[in-house]
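Below: the structure, in structure tokens.
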Amino acid sequence: LLLLLANQPVFTQFSPKQHLSYGRHISAAAEPALPGVTSPLSLAGPTEDDLKETRYLEDMLIRMEVFESGEGMMLRSSTLLFLQTLACEWIREIALIKSIPSHVAETVGGKIFAFGSYRLGVNSRGADVDAVLVSPRFVERHEFFEQFPARLKEHPDCSELHAVSDAFVPVIKMTFRSVDIDLLFAKLDLPTIPDDIDLRANTETLLRNMDEQCVRSINGCRVTDEILHQVPNPENFRVALKVIRIWAKKRGIYSNAMGFLGGVSWAILLARIAQLYPNAAPNVLIMRFFYVLTRWDWPKPVELCELTPPNLHFPEWDPRTNLKDKYHLMPIITPVYPRQNSTYNVSHSTKQVILDELERGRQITSDILFKRKTWEDLLQSKNFFESYKHFVIVIASSDTAELHLDFHGLVESQLRKLVLSFEQNGAIARAHVNTKSYGRSSDSDPQHVSKWIIGIMFRKIADAGKKLNVDLTYDISNFIKQINSMTASSQLHLNVEYSRPKGLMQFLPKSEHPLLIRKHASKAGGADKQSAQQSKPPQPSRQSSAQAAASGDDSPSSSSAQAQSKRPHSPTAVVSAVDAANSASVESAATTDSVGPDGDTDVGAQAAKRPALSLDAEAS
């Protein structure tokens, strides 16, 4: 049943055609016999020690109880199968309404395909399931998002349903039979959907007459299938991928929305390693993963296969023709048409954090090889708060639980833009958002609240007697105005505040306090600090707030409807949403922070009206 639902492809070896990549040509005589854009680096099989280590890894994964049990997998499978039955009934009714003969309407079909971690077989316990409903040509997207949710809400097993039809990838989010599901929609240019349809076959026919939203929706499934097809040994790949996913989550670098890498990107990276070492055991794949990627020549792209584009005209990732693609920092390319960079959100800061963690992984796996460390050492959780002296806290709250579900997602999706804005300030070496969000920390907090914490690392100044003024007012004010312009609701509240490590307890739940009590590692972790100073070249000083507002494409609007007044809830709060009455007349004066030679900051002058970042003057 699981295999039927997942529609797993047959894993075959193939010989790609001539390889052409950025002017580099490989003749037919040099073609690799296995999947991949190059020949394998090693065909060595597992040793007895490798098999022993693999058994240990598998036992460790079972002990950790991170991944879904057999019962949980069956629940997900049966739930998706039931949803498919509901969808087919609804599609049949649409067909009858549109005067399609009843004998034809009975056979038009419709199919739900799972994708992502569930389809790969590496989903975490209790994780949501990504799926796409594929329909015949006569079903319109607006019908799916307007009518199908109403049908779902009639069912007693459905809860927490909300449709997001205007998203980049439109989705219906729901909980069905206790399973969290993200359901996408794509219609094919076919009168019926056969039960045995293969979404990998005949790309040109499949995607013809599709709009870009449908292509994005269906490509999640096609990418997952192709990743598995490109891997020489899927079972070894799955074991290794489970470890890599745990590692990335424990180390705080698993989040596409926040500028790190998502599940697809990590899977593609490991699949490339599996191509280079096709016969390797999982433990070797993991070790080679860290070894190869710490030496990868970024921004050289990671690709699994060469594609022959069909006679279609969807936009693709191509740095030779698309200027914006040329500036992507860590391109990891999806293996189906139209090719996309799955890591377009990566920034200078997040790239350096990822590289630091890859280097740590390389060192630990090297020690594992010589029995100096264990796999548990690799998977230790990162204490985010040990690495920084300065923190910006973004606080989003809502008047109702239903509103907060959407507002949480909106703010989280925009945090990387605030980080990018901070990175443009030449005094900031790194702006690192913690991928974990936090809820209420005390009874005084709103009932529905989410908090995100950004660690700030300032650059050292060569001249010991000199201090540099740092102005973050524009960045934060602009971020708040952008969020307010997307909501314009008096029931949604956004604050941004500053804290030193000793003040973070007021923002975090008690369960996190032990992390703060630990001694601050070497006053913000010397090694991390040094690597951050090298993460990007020095940049010119930031233009003034007034200049930025006048020249930037993303300058905030002055419309009073876009800015809701929200006041900080503590005397040390430093940033709040701009008052609607004041939003049209914000002064260009701003709070500035002074950065000393050791990267510490002191308070500068503060504007009277403008929301400003004000640091603790006495903090060392």
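Heads up, the Cβ atoms here are built off N, Cα and C, so glycines get one too.
Pulled from TrEMBL, these are the features on record:
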- F115, G116, S117, D128, V129, D130, D182, Y254, G263, V264: ATP binding site (BINDING)
- 236-380: domain 'Poly(A) polymerase central' (DOMAIN)
- 383-442: domain 'Poly(A) polymerase RNA-binding' (DOMAIN)
- 521-620: region 'Disordered' (REGION)
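The secondary structure of S117 (ATP binding site), as reduced to three states from DSSP, is helical.
Within the same chain, the residues at least 6 positions away from D182 (ATP binding site) whose Cβ sits under 8 Å from its Cβ are D128, V129, D130, A131, V171, I172, K173, listed in sequence order.
Within its own chain, F115 (ATP binding site) has D130, A131, V132, G220, C221, V223, T224, D225 as residues 6 or more apart in sequence whose C-beta sits under 8 angstroms from its own. DSSP states for the domain 'Poly(A) polymerase central' (236-380), grouped as helix (H, G, I), strand (E, B) and coil, give 71 helix, 6 strand, 68 coil. Packing around S117 (ATP binding site) is summarised by its Cβ count: 25 other Cβ atoms lie within 10 angstroms of its Cβ, all protein chains included. Of all Cβ atoms in the shown protein chains, 24 besides its own fall within 10 Å of the Cβ of G263 (ATP binding site). Among the record's ATP binders, F115, G116, S117, D128, V129, D130, D182, Y254, G263, V264, no two C-alpha atoms are more than 19 Å apart, and one pair sits at exactly that spread. Counting residues of the domain 'Poly(A) polymerase RNA-binding' (383-442) by DSSP class, helix then strand then coil, yields 26 helix, 16 strand, 18 coil. Around the Cβ of V129 (ATP binding site), a 10 Å sphere holds 23 further Cβ atoms from the protein chains shown. Looking at the domain 'Poly(A) polymerase RNA-binding' (383-442) alone, the prediction's average pLDDT is 93.
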